Amino acid sequence: MGEESQGLTGLRRKSALLEEANQELKRVKERRDLVSTLAERGGGLLLRGWRRELDPDGSMDVSIKELDWHLRRLGLLDLTAKNVVGLKEDGMLTLEELCPTDGELVNRIRDWIKDVWGSPADLWRALDVKQLGNLDREGWISACVANGFDGTAPELSYLFDFIDIDESGQVNKEEILFLETDSEARDKAIFEEKIKSRGQVQRLWASVYWSEQHKELSSLNRPWMAKFFESLPPLVIVQRQRRLREVRRRQRRAKAVFLQKCREKFGSCARAWRRGIDPEGKFYVDKLTLRHFCRGQEIDKHVDLQSLWTTLDSDKDGRIGVQDISPLGAVALASFRAWCRQISGSCRAVWNLPELVDARSSPQKEGSVTVLLNSERKILLRKFVECLKALGWKCSGDQAEMLSALDYFNVGFISEADLYWLDTWEPPLFLTAQASEEAWNEIREILLEIYGTPLNAWRHLDIDGQNEVSWAEFVSGCRRVRFRGDTGGAWRFIDSDASGYISMEEFSPDHYNVLMSFKEWASGLYGSVGNAFKNFDKEGDGILTLSILRRACQKGKWGGDPQMLFDCLEPSSSKDPKQITVEDVSFLDLWPDREDGQDPNEDVDVLDSEEAPSEETEERHPTSAKACKAFKTPKIAPSVFERLYRVPVRRSASAPALKKEDVAMKPEQKAKQIQRTYHHSSLWRQRRQPKTAKSKLPLLEKLQKISAKYGEIEISSTHGLKN
């Protein structure tokens, strides 16, 4: 029995070995059939057939499930994936198992790329020296040999066919990325390269559509095609830039119209602030108060209030001051207030100086009319200015705006209450500080020392990237660099126009002109600076060198200096100072366009040509018209000025505006108005004024007529006595 069992075991072992040998022969035969089929599909080359039919991603292996599907697709129904792969735990068929010679060659070049270059992308950067984006067979062979690959020319030619699966005769960066050994890095690199290629195609379509838009007979000018083209990312960016420009233009127009309406209704912006916007004398208002003022003066019919508030509240603190409405007027008021405090302790104390007391008690002349003011509480503006200049006062800012703010009723004189109003104001530091060039130079040197280039220093101050730095942002930036000098003096020096903000043009004019010239050129040619950078970056790696930038600028006929532009854009923290990235230039899309000498009031002229709402408009919107007519401004308590003057007038949130004829009044007419308003003749002091009947004339005009009548009676009586 023992011998029989051993014989059966031996037979079984032999049968198993025979079965394995048969399976191996069958596997070899099936693999040979698969190799011949792949070589046939690859134009006589196994490697090209492998990539085309089994391994398009370049992983160099294929699973049983995928192989079974490919066999059925290729028509090899006699072959089974299980027999081709064999008894393997991972169930994967590799190129080296299918064809050891070809597999060894591919592994050799992949190992060389990993050990010498690190990745196929770095290899391509070294091979494509001329940055053409592709290489032919001869260029591929010579470049690989020159860079140290240990292989023969036929082997490199075979590898070229392996890479060039579409038989175009050229290879590019995307086609060699499959040689990466790390599967995750390979998949990521291939995906990114496909996205870059897709972006290049989209930019090409966008540029063609953009250039053909103005042509009437263009094949792309079709309504059903516009939606597709306008949804392309490059054109979406262009549309975003256009909307941004329109918003800024609307904000600029809103401010210009608002200031023009204030001048028309009040004579000046400073008086509009005191009488209408801030009648309570707080020297700051919020958005709701400004909205009430605009509605009370019917300015909201011509101005977008949201755009107006955005452009006035430049520091985004939720409130505005007189410096936002009348910058130069605020400078003059602040400097006058500081001068008054220096010589007498307060503005109100200046009123009692001997020079001003003598000026008020003596006859005051306005134009060609002599006006006698028998009052110690008022002084003509001209006499007031003469006294101040005699005391050594020098105006800085807009003197006319300052005097108009003090002349509350626009009648040509001021009182002690006007100076008291100015005493209640606490102006910001930058309005009272003296301009200091030394302080500004010190701040600039500190910023350049820390950040290297003027642009990097400016971007440190301009946090939001809008090319506008307010006083609050400037102070915050000085604190970050630990500057402890005269911040207000430095601000007054750089903000010479008292606009309330500074730009790169004031910080570094030369660099600003270069950057804006490049921005205008890139926006006109490519829609935006970001799109221009992506068009320059042919490799799609997000990096530009000076040579690429110079070549693109020359091709696009930009008249600027590429070297200066590159030096200006160079980031201080870059690992490679010879390269710039898209983040280094894309911020220019947020900068507002240059106005090119544009008059800020040119948009206001459009408003003057607009007609008033017609009856047809009122019929279409009867509810809104009735609501505007029925609107009444809320009443508030009298201001400090009214209590000191004892004027029994109830003030509303928006004070009544001045008439146009009063604003544009000649000096002689204004002098007559002052004489009529404050007429103190001897006849009035000696005789009691009789009661008169009601008339449509104002009370002061009737009193003046009575005075003239009594003067004629006295003259006629004296002539009778002489006769």
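Here the Cβ of each residue, glycine as well, is placed from N, Cα and C on the backbone.
Because TrEMBL annotations are produced automatically, they should be read as predictions rather than curated entries.
Listed in TrEMBL:
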| type | residues | note |
| --- | --- | --- |
| COILED | 8-38 | coiled coil |
| DOMAIN | 46-74 | domain 'EF-hand' |
| DOMAIN | 155-183 | domain 'EF-hand' |
| DOMAIN | 304-332 | domain 'EF-hand' |
| DOMAIN | 453-481 | domain 'EF-hand' |
| DOMAIN | 486-518 | domain 'EF-hand' |
| DOMAIN | 528-556 | domain 'EF-hand' |
| REGION | 591-626 | region 'Disordered' |
| COMPBIAS | 598-617 | compositional bias 'Acidic residues' |
| COMPBIAS | 662-671 | compositional bias 'Basic and acidic residues' |
| REGION | 662-697 | region 'Disordered' |
| COMPBIAS | 685-694 | compositional bias 'Basic residues' |
Confidence summary (mean pLDDT) of the domain 'EF-hand' (453-481): 88
Recorded stretch, among 46-74, 304-332, 453-481, 486-518, 528-556, maximising Cβ pairs under 8 Å relative to the domain 'EF-hand' (155-183): 46-74
Range from 46-74, 304-332, 528-556 with most C-beta pairs under 8 A to the domain 'EF-hand' (453-481): 304-332
DSSP residue counts for the domain 'EF-hand' (528-556), split into helix, strand and coil: 18 helix, 3 strand, 8 coil
Composition by DSSP (helix, strand, coil) of residues within the domain 'EF-hand' (304-332): 18 helix, 1 strand, 10 coil
Tally of DSSP helical, extended and coil residues in the domain 'EF-hand' (46-74): 20 helix, 3 strand, 6 coil
Per-state residue totals over the domain 'EF-hand' (486-518) - DSSP helix, strand, coil: 22 helix, 2 strand, 9 coil
